[in-house]
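Trainee: Questions regarding the structure given below will be posed in turn.
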Amino acid sequence: MEPLRELAKEKLKDKKVIAIMSAKGGVGKSVISALISLSLPSDVTLIDLDIHTMAIAKLFGVENVPLEVSKEGIEPVKIRNVNLISLAGIVRDRYVILPGRNQSNVMKELIAYSSIKGKYVVFDLPPGLGDEILVLEELSDFKPIVVTTPSKVSLKVVKYLLDYLNERKKKALVVVNMSYFTCNDQRVNLFGNYNGDVNLPIDPNLEDYIGKIQEYEGEVKKVIEKELIPQFM
Amino acid sequence: MHEWSIAYSVVKTLTENFNKKISKVTLVIPLFSFLDIEILKEAFNELKKENPIVENAELEVKIQEPTFRCRNCNREFKFSDIQQQVGEVKNSYGEEYPLHLMPELLPAFIKCPYCGSHDIEAIGQEIYIEKVEEYGAVERVS
Ligand SMILES: [Zn+2]
């Protein structure tokens, strides 16, 4: 019996668990994880499992803030309604290279040892089909949100991920990032036509908010609040 | 610092999986987690009061020294071979160093002492319940 697995399960019990996934990297998954968390109506714990980039901490500008520890475990960094747990707060300014099997153990350990707050838990998963999804399936009944861009390459690989989720009887919401650009009130599909459950616009200003994503109130966030959040409430 | 979490998870695992009173439980923990056994036992003794299944259970803790295998050069090594590396990690981070918070991160912080690869497999670094003894019967689980 693995007490850590039981503990991780226990920590996710009675929570609404949302897993943000993508088939390939570079589709804006971390930005969307951050914006979804910021758009939720109450407190949320955002757990960055993309250990190789640790992008979430960078987006919020807290990559050098060490995590504190209490009797409840590793304490998240609180930014607005978001309680952020990231390995960046543990290893700080250092690379993390981990053999595959260790990654899923690290994930279980991170959940088991963290102080998880609020009603929602959002996971930013690493891209692709890996151990992380299998482990998350063992631990909770999560809601998958699959992020892609309209590019042909991205759509081709996203199909595998959706096939897998279908086989596991999990209904994923597909979010198409960088889907269109509004020019003179007209939608221009720059990278191709693909309709997901939610299509997000391109907002060139978003770049300026890296390091302070909590202050972003632009177009992408508005669409997330209006079209995405109600779909899994 | 995770002693309370672990004690809680052991109590929880036992109460969910057993329905006869337990006299003793053996927990195996890895050496480099640097858990304080006294605190762990204290926490267990405090938490066990909440459920009659475990209220008389004694906690035995076994410390396991993990062994390592490098998947690059295939050599095996022991904790003593990397103790200096762990010491250096400890020194560079101070009190809240990552291996205390997350022992599973070990392969990210150490290199194979022979070839320098990080592709290291650790055997015996999990925390697990090795044995549970019930009153009137002995049952093995692992
Ligand atoms: Zn080697």
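Glycine is treated like the rest: Cβ placed from N, Cα and C.
Just so it is clear, the model here is predicted, and its values are computed rather than measured.
Here TrEMBL flags B:His2 as Ni(2+) binding site. If you look up TrEMBL, you'll see B:Cys70, B:Cys73, B:Cys112, B:Cys115 marked as Zn(2+) binding site.
In the displayed structure, how are the listed features positioned relative to their neighbours?
Mentor: All protein chains considered, the CB of B:His2 (Ni(2+) binding site) has 27 other CB atoms within 10 Å.
Cβ neighbours within 10 Å of B:Cys73 (Zn(2+) binding site), excluding its own Cβ and spanning all shown chains: 12.
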Trainee: Around ligand 1, within a Cβ distance of under 6 Å, which of the binding-site residues B:His2, B:Cys70, B:Cys73 show up?
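Mentor: Within range of ligand 1: B:Cys70, B:Cys73.
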Trainee: Around the recorded Zn(2+) site, report the further residues of that chain (criterion: Cβ within 8 Å of the mean position of the Cβ atoms of B:Cys70, B:Cys73, B:Cys112, B:Cys115; site residues excluded), sequence-ordered.
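Mentor: These residues sit around the Zn(2+) site: B:Arg71, B:Asn72, B:Asn74, B:Arg75, B:Pro113, B:Tyr114, B:Gly116, B:Ser117, B:Asp119, B:Ile120.
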Trainee: Report, as a single number, how many Cβ atoms besides its own are within 10 Å of the Cβ of B:Cys112 (Zn(2+) binding site).
Mentor: 22
Trainee: At a 10 A cut-off on CB-CB distances, which of the binding-site residues B:Cys70, B:Cys115 has the highest count?
Mentor: B:Cys70
